[in-house]
Amino acid sequence: MNSSFHLHFLDLNLNATEGNLSGPNVKNKSSPCEDMGIAVEVFLTLGVISLLENILVIGAIVKNKNLHSPMYFFVCSLAVADMLVSMSSAWETITIYLLNNKHLVIADAFVRHIDNVFDSMICISVVASMCSLLAIAVDRYVTIFYALRYHHIMTARRSGAIIAGIWAFCTGCGIVFILYSESTYVILCLISMFFAMLFLLVSLYIHMFLLARTHVKRIAALPGASSARQRTSMQGAVTVTMLLGVFTVCWAPFFLHLTLMLSCPQNLYCSRFMSHFNMYLILIMCNSVMDPLIYAFRSQEMRKTFKEIICCRGFRIACSFPRRD
């Protein structure tokens, strides 16, 4: 990471890759600490795994009509955001390989433009992930506290409009990031957006879980109210809480890195933290890998659809689920 305060993931990964090839004692030019090198095969492997998993998630939601609900539409949006990280990492890794092995020779200025595109994809992905998580949180809030009016409030058309708005906003953020990639204000806005959105999500969940138990009891006492539906709503809220927790753990080090890069790039302790930048990128990719596992762990319907997609028709008996009486 250089001291010009720009992201430039491709340049950083090229330096890290060269370090892996030439030896472990490669230092960042602007940092007194050694950069932690991670083999490009790790990035590529995680990228491919995440890409396949999230394609499976989207395929399951499209295939199973029982998953055609606003929450799972927002989950699908989150899966697309995770796919964007995976695709960016895979393309970036291939580009690094081609450049390092002289299979691709391009001018440094063009490398910087390619780097800006990869950075923009990261920007779009994190904004889309945060907005999708917020949409899922609001959906769970409406499900729990306005259960009797949920289907009138959260319609398929309205959820589709929300998703379209999310991706229009994220695409705009990505374009701004490319146009003003040399400005520190872009990174500052991205950091501010992350922590503001995180604060909003955490506040919403604290409020939701403080009131949920009492409200569920009141709804269950009403004539015709379904306690099973309330339990399902709470399970959905717990699932999204798990997604939010994993998202925070995996993305927070990256944004802390950006914060330190702006505030104290030459400080020894800051440099030590920033020297592990490649590990923070690995954590981001791990988030994309873990999200589909959370869907499968928390949703029996999703697990069932996963198996139907993965298993061949000739092995239906071996792959069939035991039925519960």
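Cβ from N, Cα, C; glycine included.
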Check your understanding: Are Thr155 and Lys304 on one side of the membrane according to Swiss-Prot?
Key -> yes
**Study point:** Per-residue pLDDT averaged over the topological domain 'Extracellular' (1-37), given as an integer
**Key:** 46
